[in-house]
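Reviewing the structure listed below.
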Amino acid sequence: MDSEDDMHDANDLESLDDDFYSGETAMGSDDGDAGYDFVDNESDDSEDITSHRQQQNYTILSEVDIRQHQEEDINRVSIVLSISRSAACILLRHYNWSVSKVHDEWFADEENVRKAVGLLENPVEMQNARELSCGICFENYPHNNMSTAACGHHFCGSCWRGYIGTSISDGPGCLMLRCPDPSCSAAVGQDMINILATDEDKEKYSRYLLRSYIEDNRKTKWCPAPGCDFAVEFVMGSGNYDVCCNCSYNFCWNCTEEAHRPVDCGTVAKWILKNSAESENMNWILANSKPCPKCKRPIEKNQGCMHITCTPPCKYEFCWLCLGAWSEHGERTGGFYACNRYESAKQEGAYDESERRREMAKNSLERYTHYYERWATNQSSRQKALADLHSMQTEKLEKLSDRQSQPESQLKFIIEAWLQIVECRRVLKWTYAYGYYLPEHEHAKRQFFEYLQGEAESGLERLHQCAEKELQVYLDAETPMKDFNDFRTKLAGLTSVTRNYFENLVRALETGLKDVGSSNSQATCSKTSSSKCLGGKSKIGKIKAGGTTSRSGGPSRSLDESNLWSCDQCTYVNPRSTNTCQMCEHRRCTT
Amino acid sequence: MANSNLPRRIIKETQRLLSEPAPGISASPSEDNMRYFNVMILGPTQSPYEGGVFKLELFLPEEYPMAAPKVRFLTKIYHPNIDKLGRICLDILKDKWSPALQIRTVLLSIQALLSAPNPDDPLSDNIAKHWKTNEAEAVETAKEWTRLYASGA
């Protein structure tokens, strides 16, 4: 950690673009216990990635779980403070369902707490009169037909029902209901609701109570997927915000957008806003259209000559170049296809301002389109991969097991490959949002980023290709094929290699590419420090600084560390001591 | 006729308003709609509205008393919590309404609001600003308006 902090301080480029890396990344948190450690699961290759990622920094709660937790909390407070469950419930809701906060506040100043939430200490004695007047409808009722909170303000059953019903239909504020008497603050809790309200209102109240337990609690949130009823309880301060709900939706606990690690929440919010913002439409219109000189509606010139006729009812005819009336055009102006009024006016600088704006808008639009297309393509690739994964799990695996005479338990590597593809497509997608916001002038960072992204992307393409196309051969085969084991080795190898690449990419982005540009050393691809290739147990992670500028980002994969070599087939970096790739068992080419 | 099944509460309230009126306040139901009241409030003594007679209308919605009555000034008045349409900024007419409140309590609250304008929670920004920057002058304007529009003619 020390060295990282030093780098951070030393790197003055970092401060220039704080804006771009603002937001809550897991920056500076301990690399080790983030749930993303694809690398150090050497021992449990068979375990699937999903379960691996669920390293207990969150729990998924079903409605039953939620009610149970809520009951438990209420019971605890009720027992410790010796108050009714209903009172405990009111207290907990007031303190956002934090049991410890309730205890702290209560034992610090019980009187004040009681006052704040409306729990009267000494319930008022019941009046002895046989008949009482309801303070709302002014009717007289026998004593036993009236109800009151602890304060002794009596109202009749029908007025209570109306009062409670009005409050419940106004929303979750009903959980803080007080006595109808305007001068009285006595709380009306669930016990009274259950006696006095209609069945429908009781049910609504109970739902509000359940929702409150999730929504008012700092540690819990609903899964944002449409129609999903699960909630997530998150352990604060555990770094990684990625959450995978039981409904299989992946989202960021912090901003509740879909999972976007390694890109920070701020960048994601900006990107999503940009994608939806009208501004891009405006940019397009600006770049590709000119307003009709007469009616000012924007016109896109998608073909044809410079003679434009605006659509009815305007029908104005004008020259696209100089925007002058077409009636003034002809031989005089240099012919119909070359308006020299435009050329000369351009030379005089008359058109410069609007032209330049158009030009700029076009450039920025093209840049945005570049990133957006790649972002969107990976998004749809991921959807496709998810569908493929599903069909693999539900039908194809069985078929393959049948065709190749392999027990399904031996085919887990295929599922693992697909899970890896799905995850990588997600990461890759978000790196395009990251790339869009990476400042142009940070050349070293851009170069390094694009290098890592390129490596990761080509690794993923190889993996995707292998899992999609090459697997098909074995699915189509009528009889078991001898080289199935080779395929297994290759696919498993590619899965692992791709995992490494993405691990590097994720780590580099999460540290804001800060290993680049400090002093005179350039970072090299961190695969050289992978724990596997060095044969050590140390985790991957710190990107080694070293090497020279010319090497980073270059296409050459020759690595001059004398004790390493890179496999021709899968590009895995192996120690020199072996002649066979540890990943794919391809023999080293020694020329 | 809408009056045929008027809740007992409204009938009782109306009777009491007529038999024991609050000082400085009168409220009488309209003949053809028992939920609609013509209200008059006398400007409280020692307020800029002293000597004025202010007309208001008050309507009890279907949900009354679960929902608050709707009240509005008909007489023009210079007051930071009352806008030019006569709408009143008063908590018990909004979120602080309780079914245990009554027409009488609402009108007494409005009378109190005339005695104690609250420019920190204004409905009319201009008047509130005037009140805060130069209270003496604003009070003069309020007196002027009372003379002009609420002289009881």
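Even glycines carry a Cβ here, placed using N, Cα and C.
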Looking at the ranges A:1-53, A:478-530, which is given as region 'Disordered' in TrEMBL?
A:1-53
Mean pLDDT across the domain 'RING-type' (A:134-178), rounded to an integer, is what?
91
What residues in the same chain, six or more past the boundaries of the domain 'RING-type' (A:134-178), come closer than 8 Å to it by Cβ-Cβ distance?
93-94, 118-120, 123-127, 184-188, 192-193, 195-198, 201, 204-205, 208-209, 211-212
